[in-house]
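> Supplied in C-alpha cells, the structure appears directly below.
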Amino acid sequence: MGNLFKFSLNCIKYRSENLEKSKMFYQYFYFHLTLSIVLIYGSDIGKDANEHMSSVPKKIIIEGTRQKRQVVTKLFSPQWSNAKVFYCNADSFSKLQLKKLKLKKNSDTVKRKLMKFAMNFISSQTCVTFEENCTISTRIKFVDSTFCASYVGMINSVQEIYFPDWCMRFGSAVHELMHALGVLHTHARFDRDNFLNVNLNKDDEDDSNFEIVSPPFSINVVPYEYGSTLHYTADVSGTNSLLPKQMEYYRTLGNRRVTFYDMLTINTAYNCKCPSELLCANGGYTNPSNCLECICPLGYGGVLCDRVVACSVQLSADSYWKGSWISVGSSVLRDTTDPVKAFISINAPKDKIIEVKIVKIENFSCDSGCNNNGVEIKYMGDPRITNPIICCENQVDPSNKGYKAKLNPLLINIYTFLGKNKVTFHYRYVNERLSSYNKTTNGYDNYEYYA
C-alpha cells in the first residue's frame, strides 16, 4: 500500500489497579506505528451544498443534499468489467482551497494522495484494481467541488467523483469510491426499518438519500452495520432523524472508519475469490488480493487471524473487579489517514464470561459519528461487526452493570485523531459459562459465534 508521510513511536501509558486488594502497578507500552498522514479537515457529510444543486447531473448520490429520485436503484450494478476501475484527476483536483489551513510541503497534491491511499486500501483487500488512464472513455474523474458526490456503479462514460475540502477524510474517500463501485448507503437497505426509526425534517422527506431500495433492485450480503462507512449520522436531517433501534449505537452512526463488512460487501459484489481458501480464524477469510493471507476482523492478526494484533496490551481478569486506565495519542494534533490505535486484550480462564465497563473518558471530542476519537468494546459474539462506539461523557455510567462479552479474550479498541485521550475501565470474569449460550450465524455465511 502506498504511503504518504510517516511517523512512528507512540507511547501508550497504562495503569492497572486491583480494586479488591488495592495494589497498583504501572507499565509503559511503547509500540511502533507507521501511519500515512494527510490533512483531515471539516465536518460530517452534509454541509453547504444546496446552492450548487443546479449543476449536478442526475443519477448521482450527493451526500447531505436534497435530491429527488436521482439515484441509480441497483446495489451492485452496473459493475466495472474485470473489477478494473480507470480514473483520472482533474487539473483542479490537487490543492486544498482553504487558505486558512497552512500546510507544509506536498500540500499541492494532498487530495490526490488521499484518494490514492483510499484506492490502494480497497485494492489491498479486494480483487478491485485502479489504473490511472485519462484517455479511456469509461473512467472516474476526480473533481474538486463544494459538494461530496458520486455516481452509483459504472455508467459507461466519464463519471465524476466530487470531493471538496470538507470531505477530506479517509473513510469519506472510501465511501465515495464504494458508490462508484455500485454500493448504496446502508440506510437504503430494504431491511433498514428493522434497525432504524426514520424521522426526516420536511425538506428531506423526498430526498432519495433516505429512500429504501427494495428487491430486485438491491440485495443484502452482510448484516446491517450501524458502523459502516456508508451510513449517515443519526442527526443528518435534524435531531434523531436516523434513530437506531439499539440506542447504544446512536453515536456510532456516521463513523468513517472502514469496516470489515464494508470490504466484504465489495468482495461479494465482485465475486472476489482465491483458487483455494485458507482456514482463517475469528471470522476472517482469504484475502483475494493476496491469497497467502487472511483478511482479519479489527483487532486480530497473524496470517490466519488466530491471534490478537501484536501491539495489544494484555490483561488478565480475575473473579473480582480490577481497574485500569490507558492513555492513547500525544499532545500534538496529528492529521492522519488512519487514527492512532491501541488494542487491549482482556483474558480469562477458558469458557468464562468477561465483564467490562467504562468508568471515565477524558479529553474526548464528542461528535456525531465519533470520528475524532472513540472507544469500542468488542463484546458481541460476532468479532466482525462494529460494536457501539463511545466518545461522549454522557455515554459513560460508572454505576451500570457493564458489558458481558461473548468473546474470550475480549478486545477493546481505542482510536484518536486528536491529541491524547484517556480511558478508565473496570473488568472481571463472572461465574457463568460462555458455552451455556447458543451459537448462531449472521444469516449471510456459516461462521458460528455465541449469541
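Glycine residues also receive a Cβ, built from the backbone N, Cα and C atoms like all the rest.
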> Could you tell me which of Cys127, Cys167 is bonded to Cys148 by a disulfide, according to Swiss-Prot?
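Of the listed candidates, Swiss-Prot names Cys167 as the partner.
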> Scan Cys272, Cys274, Cys311 and flag the one Swiss-Prot records as disulfide-linked to Cys291.
Cys274
> Taking Cys272 as one end of a disulfide recorded in Swiss-Prot, give the other end from among Cys127, Cys134, Cys392.
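Swiss-Prot annotates a disulfide bond between Cys272 and Cys127.
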> Return the single candidate from Cys296, Cys366 listed in Swiss-Prot as disulfide-linked to Cys305.
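According to Swiss-Prot, the disulfide partner of Cys305 among Cys296, Cys366 is Cys296.
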> Specify the count of other C-beta atoms within 10 Å of the C-beta of Cys167 (disulfide bond).
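Around Cys167 (disulfide bond), other Cβ atoms within 10 Å: 26.
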> Suppose you look only at the domain 'Peptidase M12A' (70-273); what would the mean pLDDT be?
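When the pLDDT values over the domain 'Peptidase M12A' (70-273) are averaged, the result is 88.
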> Can you work out which residues elsewhere in the same chain, 6+ from the ends of the domain 'EGF-like' (267-306), have a Cβ less than 8 Å from its Cβ atoms?
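Distant Cβ neighbours of the domain 'EGF-like' (267-306) are 75-76, 79, 83, 123-128, 181-183, 221-222, 259-260, 312, 343, 345, 376, 378, 382-384, 411, 413, 447, 449.
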> Using a Cβ-Cβ cut-off under 8 angstroms and a sequence gap of six or more, which residues of the chain neighbour Glu176 (active site)?
Glu63, Cys148, Ala149, Ser150, Ile161, Phe163, Cys167
> Measure the Cβ-based neighbour count of Cys274 (disulfide bond), defined as the other Cβ atoms within 10 Å of its Cβ.
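That number is 15.
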> In terms of DSSP three-state secondary structure, what is the assignment for Cys274 (disulfide bond)?
coil
